[in-house]
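Taken from TrEMBL as is:
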type: BINDING; residues: 28, 72, 193; note: Mg(2+) 3 binding site
type: BINDING; residues: 28, 72; note: Mg(2+) 4 binding site
type: BINDING; residues: 43, 44, 120; note: Mg(2+) 1 binding site
type: BINDING; residues: 44, 72; note: Mg(2+) 2 binding site
type: BINDING; residues: 51, 244, 313; note: substrate binding site
type: BINDING; residues: 119, 120, 147, 195; note: ATP binding site
type: BINDING; residues: 196; note: Mg(2+) 5 binding site
type: DOMAIN; residues: 26-137; note: domain 'PurM-like N-terminal'
Ligand SMILES: Nc1ncnc2c1ncn2[C@@H]1O[C@H](COP(=O)(O)OP(=O)(O)OP(=O)(O)O)[C@@H](O)[C@H]1O
Ligand SMILES: Cc1ncc(C[n+]2csc(CCOP(=O)(O)O)c2C)c(N)n1
Ligand SMILES: [Mg+2]
């Protein structure tokens, strides 16, 4: 069997009723029970050949699409509530494959606390694509976190090591939901997930906030060291440029960061303070690296931070100009 919307709808109708849904299943739009907290929403497209290899296991495709969307809720300190799944695939896709994509997505969504409440199916030539919209809630009244809210004097915290995600981790993303909420409650103002590369995303955070972000250490994932053995690139560059780590970057007061790390950040045992936030004139805004260990640097000038000039993932950029997004 190939793509047949009617058959797929009939199969979807057999799914268990999702908890947040109070309206009719299979209706034009899903009506949900009221929730406490402020509504939060985000959406991400996951495209075969762009975000996953074309021969990916279909359940993994579905699961990744959901997890990477929900990572944006984690980056907002929000609690997941529901998801919508929009699948587009070519006619020749087997029904078994299509069902597996949707089932992988549905199960991951359920496990992350955001059952799939609605969606859409489209048959069209070209690569398959699953677009996931997530709804969540932000508790309390505190100002929401924003990538534009880093302030001079804060420190930069990263929830885990980066790099080498393509080997495996990008398919099994663990959104840092508990850590995101704990960071925000502890006083983090800027929060962001690392999807396009630690360097590029930290640079975006710095520019959105109008500050100079100084990275003093880069926790390198063992997958980055493994990737470097065959890529000819440094493990540090893998950590700064690979992306799809889905760790959180946060800026917060130093005392709050120390307290959180002492008590343990939930779901993020390898979290660490990795840098500092400085006020800056316009020309200094962005990400800077200050990675030299003090004992290796008797000369004070050797410790002068250098501007980060690496690469990251920018859709539409060719390999040649994917770097230096901001001049
Ligand atoms: N088509 C669009 N319409 C409105 N806003 C958009 C559109 N595309 C992107 N944006 C906004 O631009 C900003 C950056 O988008 P982007 O998709 O890069 O998000 P991200 O969080 O950086 O990436 P990721 O989804 O990989 O975590 C977000 O605020 C997003 O909502
Ligand atoms: C087949 C294949 N090719 C390349 C990559 C790497 N990759 C794709 S998108 C992206 C950034 C995040 O995307 P977005 O900005 O859309 O959130 C990265 C690092 C992959 N995972 N699979
Ligand atoms: Mg994000």
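Residue numbering: from 1, along the chain as shown.
Every residue, even glycine, has its Cβ placed from backbone N, Cα and C.
Caution: TrEMBL annotation is automatic and unverified by curators.
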Listed binding-site residues adjacent to ligand 3, that is, members of 43, 72, 193, 195, 244 whose C-beta is under 6 A away: 72, 193, 195
Nearest-integer angstrom distance between the alpha carbons (Cα) of residue 147 (ATP binding site) and residue 28 (Mg(2+) 3 binding site): 35
Listed binding-site residues adjacent to ligand 2, that is, members of 51, 193, 195, 244, 313 whose C-beta is under 6 A away: 51, 195, 244, 313
Shortest C-alpha distance to residue 119 (ATP binding site) - which of the binding-site residues 44, 72, 196, 244: 44
CB within-chain contacts under 8 A for residue 195 (ATP binding site), separation at least 6: 68, 71, 201, 243, 244, 245, 246, 313
Site with most surrounding Cβ atoms, counting all protein chains shown within 10 Å, from the binding-site residues 28, 120, 193: 193
Within the domain 'PurM-like N-terminal' (26-137), residues counted as helix, strand or coil by DSSP: 34 helix, 41 strand, 37 coil
Top Cα neighbour of residue 43 (Mg(2+) 1 binding site) in the set of binding-site residues 28, 51, 72, 193, 196: 72
Residue 72 (Mg(2+) 3 binding site) as reference: those binding-site residues from 44, 51, 120 with C-alpha within 10 Å of it: 44
